[in-house]
Structures are given as C-alpha cells and as structure tokens.
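Scroll down for the structure; my scribbles are underneath it.
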C-alpha cells in the first residue's frame, strides 16, 4: 500500500457497480525487475500525483503491477467488437483497469496498466507488451494531445526486465494509460449480444452518469446518449482528417463512448496527400484508408445504435427508425466540422458560395502533385512558397489567385487570416520516419535522448522553433512504402 497523501493516489472503482459479466477482477502479474523509462510529469501533476514520488521504487512497483495502490480494484473489462467487419467477443487481453483517479479538480480518469499480464480474455496471448510499441503509444498519444485532439494519454512507461517473444525476442514493458473511460462501442455490443436488457440499461445508465450527466433529465436519455456520442465522434474524426491522422484499425472496440482516440497500434500520419493512404500492414483492402475514416466511423456508430435498439423505444420498429434517423445525422455533423476546420486552415472566417469548390481545387492539385499535407498548409500560412512541384504548377497558381481574392473580400484583415491559419496548421506532426528513428535508438541502443528531443519538438506543434526544423522534413521517397503493425 502507498501513502496517497504523499504520492497522490486517490482511486475509486465505480466500474464495479456494473453487473459482474462486464469485467473480471484479477491482479496484475508481477514482473522481474521494473525500471521507469518515461514519466509524464505534467500529466502526473494534473492527475494529482507528485512526480518525484512516482519515481521512487515503491511507486514504480505499482506502475509495473507488482504492488497494488490503496483503493485499487484491478479488473479486466469485457467487450466485443467488429474487427475488420467480423464480430468477435473480446475483452482486455493484456490490460487491467486498476481504478479511477479522482483529480484535485474532481475529474475522474481511468488508470490502466497495459501489458500487465494474461487475463481470462487473452485468447492464448501472453498478456504482455513490447517496449517499442508502448513508447510509440506514448509519443503519438502525447502528440495528439498537443494537437488538441481528444485522446487517451500516457502517464508512464516501465520496462519489465523480462523478454517477450513475438517474431523475435523483444524487451517487455508496461504502459500506464489514462482515459476518461475505456467504455467502447464494443462494450455496448457485448451487452446487447448477451441479450439482457437489464445489463444493457445498467451500462447505459452508468455511461450517462459518467460522461453525459446533462442528458439524464431529458425525455429519452438513451436517445440523447446516442446523439451525444455521434456528436463527439463527428468532431473527433474531423480533427483526425484535418491533421492527416490515419488510425488504421477503426474496429468498434476502438471507438470510445467518450469521444477520445484510443489504440495507437497501426496508426500513422499522412505525408503526401492522398485519400487512399493506408499504413496498416493488416488493412490489405484499405477499409480504414484516410478517405474512408468518416464512413467507417458512421458504420461503427450504426453498430452502437443497433446495440441500443432494445432500450431506445418499447416498440421495436419505432426504435429502429430512431436509430436510423440519428445515424443519418453523423455525415452532416462530420462535414460541418471538417468544413469549418479546413476553412480555418485557409484563413477563411466567413462563408461564400464557392468556398467548397476553392477547397476542392487545392486538395485535387495537392493529390496530383503528391504535395506534403502538413507542409503545404504551413507554407501557405507562412507565405513561403518554395520549390515544391505543387507551387510551380499552373493549377496552384490559378488557385492561389482565387484564394487571395477570397481573403481580400473578407472584412477581417489578411493578418487576422494568417493568425487563424497559424493556430490551425501545425508546423510539426510525429513524422513516421522520425518516430521509428526514436524507437530504434531507444529499443536497440538504450538511447532515449532521440525520443526526448522528438517529444520536446512535438509539445508545441503550432509554434515554430528552430528545434522543430529537422522534424518537419518529409521522408525521402523509397520503393518500400511505410508500414505499421498492431504492436500496441
């Protein structure tokens, strides 16, 4: 046990109020010789922890799953999911929710140990995780947070001192993941598949109380819950698209009810603009390609709506109609969010009839000339149009004149327009080749300085600094396309 007054542990376990079918209580499997690799000091402080205390051996033992803090009730959550379109009953196969940290401001966050050992849901897996993928999740999740995209976060990475075996022998690690909750679309699918309306209602009531208390007093809280989840996901997916983020594995078990991005396994950021961009080695059909993400989110949310049908209305036909009506609103909400965001990226405050055409012309030219997505928008922001093929093209020159004329017709000044662009066009993203470079140095050489420099550069993505310059260059074109794997 720890002294929570010194370290800051302030755990509750409200998830255990749900029926026992939703989880299995099980302790983490201890590891041989845990070592703290990375601690997120600023996140620790916001959660109410003393970072210096967390660096002590007794606390590292908690982050490794070797000891249990006061107030913890370790459990593996059960859920289901459509994985690449195929339904499976799943669950936390290598992660344990140890409790919910109540912050000094009264907020509640799940504290989950990822890689903490086997559970009843492990499906023949060893329940462990490798150091490289855990560091990768740390880097990407914190970059997403800095980009102002709702996301789970990473509190710490601890090496276990034990090897794990995949294609080769790899160093083991445990990630401490922080989330508003780990309730997923797949959690509702799991409840619906079991056929108990009481259990489904219990999950919905718990979710409303935890995430959407404002809908408790509405005429139909379950319809309102569906509406709120759709609204948050429409906002989230638009934010992904606007920075060129490709999740890679948008299965229903990776769609959170809170609207946070979760699971950074095969994700990556787009370099040259292409709607068909795919990085995941297992997405051979391009199901989760960049341009498909809004459609797949709608598909996933339709699975949530299906799961809720038994409690949306007592008449099944009416419930089905409600579900269909609500899901049909996603595309409009997404388009509105994306359109507003892309206009900000171009410094547009007002609406004009031909704005959609203006935006489409730029994106079409970017795709034709394989323009770097992030750097193109930043070049427009900084008004430094250098020797990229796009900027020399007749299509771009024509578009640029139209855009400048459009800016001049606004009542806001061009200076205001460029300020708006600066706040919406990042200088830096976690470039895939730079992330791999940092991971290789860390895992192969035990050199964490490359990762630290990358994290520092990613911390303020909208503010240019000299330290960021080296991280803004796209990868050199190669015959081997970049591929990601489900290591996390």
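Cβ coordinates are placed from backbone N, Cα and C, and glycine is handled just like the others.
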Pick from 108, 184: which one does Swiss-Prot list with 91, 93, 94, 114, 126, 127, 177, 263 for the same ATP site?
184
Of all the Cα pairs drawn from 91, 93, 94, 114, 126, 127, 177, 184, 263, the residues the record ties to ATP, which distance is largest, in Å?
23
Where does residue 177 (ATP binding site) sit in the DSSP three-state scheme?
strand
Among the recorded positions 126, 253, 263, whose Cβ has the fewest other Cβ atoms within 10 Å?
126
Please report the Cα separation of residue 94 (ATP binding site) and residue 254 (Mg(2+) binding site) in Å, rounded to an integer.
15
Using Cα coordinates, what distance in whole Å links residue 263 (ATP binding site) and residue 254 (Mg(2+) binding site)?
6
Select the closest residue to residue 254 (Mg(2+) binding site) from the following binding-site residues, measuring between CA atoms: 91, 126, 177.
91
10 Å Cβ neighbour count around residue 177 (ATP binding site)?
28
